[in-house]
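The domain 'G-protein coupled receptors family 1 profile' annotation in TrEMBL covers 22-294. Marked as transmembrane segment by TrEMBL: 6-32, 44-68, 94-114, 126-149, 169-195, 243-263.
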Amino acid sequence: MSIWELILAFVVVVLMLVALLANVLVLLCFLYSADIRKQVPGLFILNLTFCNLLMTVSSMPLTLAGIIYKSQPGGDQICHAVGFLETFLTTNSMLSMAALSIDRWIAVVFPLSYHSKMRYRDAALILSYTWLHSVSFPIVAASLSWVGFHHLYASCTLYNKRPEDRTQFVIFTGVFHALSFLLSLIILCFTYLKVLKVARFHCKRIDVITMQTLVLLVDIHPSVRERCLEEQKRRRQRATKKISTFIGTFILCFAPYVITRLVELSSVVHINSHWGIISKCLAYSKAVSDPFVYSLLRHQYKKTWKDIINKILKRSSINSSALTESHNRNTSQLNE
C-alpha cells in the first residue's frame with residue numbers, strides 16, 4: 001500500500017468510528033426522551049439516523065477492504081447487496097434532509113397552522129414517499145445488472161460493465177442524480193432561504209424595538225448598551241450560520257462525489273483513483289456531520305445526552321458505594 005492509500009484507509013476508519021458513535025448517541029437520545037419522540041421532526045431525524053447507521057456498517061467496511069486489497073471484497077452477491085443498499089441509503093438520506101427543511105419552512109413561515117399541516121400522519125406519508133423514491137432506482141439498477149465493485153471508488157456502487165449499455169446507463173445516472181441530489185438541493189435552498197427571510201424580518205423588528213428602548217433609557221450604563229448591540233449582531237448572524245451549515249454541508253459532502261460520477265461518464269476526462277476515493281469519503285462524511293448538524297448540537301439533544309451520561313455516572317457511583325459498604329461490612333465481620 002502507498003502512503004496515500006494508508007491515509008485514505010485511516011480516514012475511512014475514523015469516519016466509521018465517529019459516525020457510529022454519533023448516530024448511536026442520537027438514537028439513544030430519541031429512545032430516552034419522550035419530548036423528542038413527540039416532535040414530528042424526530043421521525044425524519046430517526047430515519048436519517050438509521051440511514052447513516054446502515055451506511056456506516058455496510059458500505060464503509062467494504063470500501064475500507066477495497067482500499068486495502070484493491071479488489072472486490074467478498075462475493076458478487078454481497079457486493080450487489082451492499083451496492084443496492086448504498087444507492088438506496090444515499091438517496092433516502094438526501095430526501096430526509098429535504099423533508100427536514102420542509103418541516104422547518106412550515107414551522108417558521110406558517111407557525112399558526114404548523115400543527116395542522118405537519119402531523120405524524122403527514123410525516124409518515126412524506127417518509128413513505130422517500131422510501132418509494134429511494135428504492136426505485138436501486139431496483140432498476142439491480143435488474144439491469146448495473147451494481148458492482150467500482151475500482152475508482154473502491155466500493156460497491158452503481159457500475160456498468162457492459163459497453164453496449166453505456167447510453168442507457170448515462171441516462172439512468174443523470175436522471176438518478178437529478179432526482180436525488182439536485183432535487184434535494186433545490187428544496188433545501190428554497191425552504192431555508194424562505195426561513196432566512198422570515199428570520200431577518202423578525203430580527204429587524206426586534207432591533208427597532210431594542211433601539212427605541214435604548215434611546216428612551218438615557219441613564220443606561222454604556223456596558224449594558226454595548227451588550228444589547230452585540231446581542232443584536234449575534235441574533236442577525238445566528239440564523240445565517242445555521243442555514244449556511246445546513247446547505248453548505250450538503251453541498252460540500254455530496255457535490256464532489258456527484259460531479260465525479262457525472263464526469264466519469266465522459267470517456268474524455270480521466271479521473272484519478274485517489275480523487276475517486278476522496279470524493280467517496282466526502283459523501284461518507286455526511287453520516288458524521290448529520291448527527292451534529294441536525295441533532296446533538298441542539299439544546300434539547302444536548303440536555304438529553306447530558307442527562308443520560310449523568311444517570312450512568314450516578315448509577316455507577318451508587319454501585320461503587322454499595323460495593324464499598326459491603327466490603328467494609330464483610331471486613332468488620334471477619335475482624336470480629
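Cβ atoms are placed via backbone N, Cα and C, with glycine included.
In TrEMBL, annotation is done automatically, which means it is predicted and not curated.
Within its own chain, the transmembrane segment (169-195) has Cβ neighbours under 8 Å at 87, 90-91, 94-95, 97-98, 101-102, 104-105, 108-109, 133-134, 137, 140-141, 144, 146, 158, 160, 239, 243, 246-247, 250-251, 254-255, 258, 261-262, 265, counting only residues six or more beyond its boundaries. On the 0 to 100 pLDDT scale, the domain 'G-protein coupled receptors family 1 profile' (22-294) averages 87 in the predicted structure.
Residues 43-44, 47, 66, 71-73, 76, 79-80, 83-85, 87-89, 91-92, 95-96, 99, 102, 155-162, 165, 168-169, 172, 176, 179-180 of the same chain lie 6 or more positions beyond the ends of the transmembrane segment (126-149) yet place their CB under 8 Å from a CB of it.
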